[in-house]
């Protein structure tokens, strides 16, 4: 049985349009040669093909979940939005319960989350639905808005803040109390100084230079501070105190965990925190199964992701990524399961400690590649998942030149990976989870920092049997796992409704 090396180039979409396309502009001789020499196809990685609304760009969480699942799963964005449409959201027991408690104690409800329509970590419609419920109880509501600028345009937050203002301006008991860029409130790389600034602003009633959120944002814009980097600033009094309640309304967990842990973990050591009496906390989805807090939309259990199938056959597997994407090749790839499966090893390569990744576009790709080659050479793993974060993380900075540098670095790394695969007669699969680096200038020639809806490449490179396989067209990310299982000659579980990309007789399902 050959080993399968699944290499995910995060944020590497496919488009023939060269304008603002770091991937087309960059010099990538290795990947170009592999694309031209081996079976390849394009996979849809956005919208309904990955369980998102039509036209919604894909993202790393959804992409890795879909790849690991081998099926299309309705994502939390769709699940929650549908509950708003069918009105079941407004009868949600956990949400109504926390509002009742605030009403009983005559205290404050704090709504904390990313305020945009990006749809990657949150959606502003979910905030408005929460406001609809909370307003029934006539309680004091403090909105703590996190500005985006990453999954939306860098200077687009005023639209969303104005939308919130229009909803609440007639109510004296509802205020936008703080605003903070996601750089501070949604760090996921243990940059505790960032999280601490956000945390302290939530706790202290020290007012900033204005109570007008639009004026405040404009002042930061004048200093060339975009939405993502707006410093945590207080606009109105309404700090978090005893007997208050908090609803964190991001549906994606990875970038809210640090802030939530600061309020909930007794063993938290990131920075000095305050202990609260009777502070009720609710998250829209499950952020961390180890936390003893209420969840409005508990995770649905899924079984027979590819990692579980590999483990059931007693085969060893390895997940390898740097910090920024470690959760994606482990937690998300395994369907929201924190603990590794039997025979599953994990290796974390620390991401560089820089303010933004355009300052170090190579990130930790060299160390990651060295670790991957060592693992391939051991020949003990039948399935290795590698994630290169550079195209996505550098692409998010909007710096085209830095992203081109990142792409060229990845190409050099893939050359080394491919040489190792050839030496060990291992199969190399190159693909991606979503687009980003392929679309870095918008229609106005302004930097675009968000993901694209472009398809992603899929290359099946085998050192031998070059002409054995043909790959079908019109596939999506859910088709990757069945393809790998067929290559390994393992049975495909019934739960996987993805279809193998190999144009040969399909393996029987179990």
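From the backbone N, Cα and C atoms, a Cβ is placed for every residue, glycine too.
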Swiss-Prot annotation, substrate site containing 150, 151, 182, 188, 252, 253, 254, 255, 325 - matching residue among 110, 121, 123: 121
From 37, 60, 450, the one annotated by Swiss-Prot with 10, 433, 434 for Mn(2+) 2: 60
Mn(2+) 1 site partner of 392, 396 (as recorded in Swiss-Prot), chosen from 405, 451: 451
Per-residue Cβ crowding (10 Å cut-off), top of binding-site residues 121, 188, 255, 451: 451
8 Å Cβ shell about 392, 396, 451 centroid, Mn(2+) 1 site members excluded: 10, 11, 59, 60, 150, 391, 393, 395, 434, 436, 437, 449, 450
Candidates 10, 151, 392, 433: member of the binding-site residues with the richest Cβ shell (10 Å): 433
When distances run from the Cα of residue 10 (Mn(2+) 2 binding site) to each of the binding-site residues 151, 253, 392, 396, the nearest one: 392
Cα-proximity to residue 392 (Mn(2+) 1 binding site), 10 Å cut-off, over binding-site residues 60, 255, 434: 60, 434
Set of same-chain residues at least 6 away whose C-beta sits under 8 angstroms from residue 434 (Mn(2+) 2 binding site): 10, 11, 13, 45, 46, 57, 58, 59, 60, 62, 63, 392, 451, 452, 456
